[in-house]
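Heads up, the thing below is written out as structure tokens.
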Amino acid sequence: MFVARSIAADHKDLIHDVSFDFHGRRMATCSSDQSVKVWDKSESGDWHCTASWKTHSGSVWRVTWAHPEFGQVLASCSFDRTAAVWEEIVGESNDKLRGQSHWVKRTTLVDSRTSVTDVKFAPKHMGLMLATCSADGIVRVYEAPDVMNLSQWSLQHEVSCKLCCSCISWNPSSSRAHPPMIAVGSDDSSPNSMAKVQIFEYNENTRKYAKAETLMTVTDPVHDIAFAPNLGRSFHILAVATKDVRIFTLKPLRKELTSSGGPTKFEIHIVAQFDNHNSQVWRVSWNITGTVLASSGDDGCVRLWKANYMDNWKCTGILKGNGSPVNGSSQLGNSNPSLSSNIPNLQNSLNGTSASRKHS
């Protein structure tokens, strides 16, 4: 049973992103009003805004939390072509904010010449690293060599994706069998049939990221992308938000089937595809065990998807924009989890509404 709580966010323009911290008791929001707000959950379950500040000189597209092992750290990215790292500190004894916490900017990352469309911290086992992607088609990976000094970040990698980038996701697996991996989505809407999702893998020999795979079946603009938490699986699960919701499995091929010294090759299958939103899908997000996927779309609803014991994915819940659930199995629909020879039949046209995006 879901309990919905409405929050008067007091942003003065569109809210583009909402991000929860590791424990789910803190929340950050960002908006076209150029600000970020931090919210804390009280013991009664109410959310209270505990900080609000102007972060950029343009619309703020994304905000994300670092793992709490590195402190209370946020990163944001903006249309102003920058990403920024923020840290919450407690006022010193000689500070007028003595004993009070407040957020300070630790660094501004200025390497992009175009809108920075997404920013994500790497899994904590990799240290304090973050990746950004930009409308110029470049993914950049930064590292803070000293976690006690967040003003120093070094640009470690620049990866060209050939298409404007809209979203990125780190593979969260900490297994030594899985090298660091980043999935990149593009919302390029030019009339071509180029694939919009690319997978890049870190190569220990060359110490560079190289393209491992391309999801050739995703040719529509991609708005969000998310690897599922791994929890010991030998394969990866990737969710893609485009004109519908798609879930892929990526199973690494045996080493003898891949080129020596080259990136891992994968056997890629689409295991679910849902057009229930009947509109553009803007966000996908996994629960902590990687067993439930939430998606939100222009229909104003959040839908929850879960696989059964046969690995067939079905819609298990729908929440309207006002937080009220949609009752009745007819509303849930048969979400077509079984995809095989009938995949082409699912490419039905969707009458989704267009929305202003980052490159306009």
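Cβ atoms are placed via backbone N, Cα and C, with glycine included.
Sequence annotations record features per position, and here Swiss-Prot assigns compositional bias 'Low complexity' to 327-351. Under the heading SUMO2 cross-link, Swiss-Prot lists Lys12, citing similarity to another entry as support. Per Swiss-Prot, the feature phosphoserine maps to Ser190; the stated evidence is similarity to another entry. Residues annotated as region 'Disordered' in Swiss-Prot: 326-360. According to Swiss-Prot, the feature repeat 'WD 1' maps to 10-49. Taken from Swiss-Prot, the feature repeat 'WD 3' applies to 111-152. The repeat 'WD 4' annotation in Swiss-Prot covers 160-210. The repeat 'WD 5' annotation in Swiss-Prot covers 217-258. Swiss-Prot lists 276-315 with the feature repeat 'WD 6'.
Counted with DSSP, the repeat 'WD 5' (217-258) comes out as 3 helix, 18 strand, 21 coil. The residue listed as 'phosphoserine' and Lys12 (SUMO2 cross-link) are 32 Å apart (CA-CA, integer value). Per-residue pLDDT, averaged across the repeat 'WD 4' (160-210), gives 91.
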